[in-house]
């Protein structure tokens, strides 16, 4: 019995040891870095898309410029994914920012410097240590040339856009690593991205200050009353004058128009061109449209309208006088108050 128990005990221990070894073998592959299906290398700063496929962050960024879809399942990539990516290991980003050596490589961005990812930084350091003048880098599906003499980088097929690079110590202030910001609490969102896949700033940041464009104020030409220039934009001290004063000004200006109409052409006594115009009274309610006609019509037309209206007033007064001479049924005379309208818009009351 004891022997059987010992045998049974040894037999029970074998599967346990075997299971432990299997567990160790299963946990080892989980620590390996996944491979990227775009660059066909181990992922650098791996990110997980909503479809659960894993790629390098810069590879996803480069693919998003072309189709904004997953490279494997073609599911659409959200618009804000590049601004708020889902990192598999955020601690790796912080470790990469601290670096392994004394010097690392940076490229220029807006208002700061970005650190290259670890793989690209090793390639640049290797070329620099060997004394090469330039080297090529594959970043997000685009070939870049790093000019180590002039310390600039540019796309191999686009030499116009150049970006400064530098080799510096690890502890200098920087914005992030390979387009991934170190300050995760930043609320800055890139609204319009350019076609840049090297992890640089590719959009204009949204600022809280709003720029207001100056609105041009509508200006009106200067007008004159009795030869004095007045500005309709600036209120005059006599803005509160009564309608009678305004009508008096209109009458004076109307008479001056009539006087000038009798002069020949070129006989203006060096008067200013604007002295013959009447102030714009569109804001005041007049009882007739004759004043507005005088304001805009030429001198000849104004003279003709003045003469015609004077004839109408005189004929109306004559008709009223004839009617007043007729006897009334009561034996008295008829007293009529006639309200006439002068050409300048002023109303007068004539008692007959």
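Each Cβ is built from the backbone N, Cα and C atoms, and glycine gets one as well.
Residues annotated as compositional bias 'Low complexity' in Swiss-Prot: 197-210.
Swiss-Prot lists 282-293 with the feature compositional bias 'Acidic residues'.
Counted within 10 Å of its Cβ, the other Cβ atoms near residue 84 (ubiquitin cross-link) come to 9, all protein chains included. Annotation comment: Swiss-Prot describes 84 (among others) as ubiquitin cross-link.
For 94 (among others), the entry in Swiss-Prot reads ubiquitin cross-link. When Cβ atoms from all protein chains are considered, those within 10 Å of residue 94 (ubiquitin cross-link) total 11, not counting its own.
Other C-beta atoms found within 10 angstroms of the C-beta of residue 130 (ubiquitin cross-link) number 8, with every protein chain shown included. Per Swiss-Prot, the feature ubiquitin cross-link maps to 130 (among others); the stated evidence is similarity to another entry.
In the three-state DSSP scheme, residue 175 (ubiquitin cross-link) is classed as coil. The ubiquitin cross-link annotation in Swiss-Prot covers 175 (among others) and rests on similarity to another entry.
Shown for the domain 'WWE' (91-167): DSSP residue counts in helix, strand and coil, namely 20 helix, 37 strand, 20 coil. Residues annotated as domain 'WWE' in Swiss-Prot, with sequence analysis given as evidence: 91-167.
Annotation comment: Swiss-Prot describes 288 (among others) as phosphoserine.
Among the features that Swiss-Prot reports, phosphoserine is placed at 292 (among others), with the record citing a large-scale study or a structure entry.
Per Swiss-Prot, the feature region 'Disordered' maps to 195-242 (among others).
The annotation region 'Disordered' is assigned in Swiss-Prot to 259-293 (among others).
Taken from Swiss-Prot, the feature region 'Disordered' applies to 317-352 (among others).
Nearest neighbour of residue 175 (ubiquitin cross-link) by Cα distance, taken over the recorded sites 84, 94, 130: 94.
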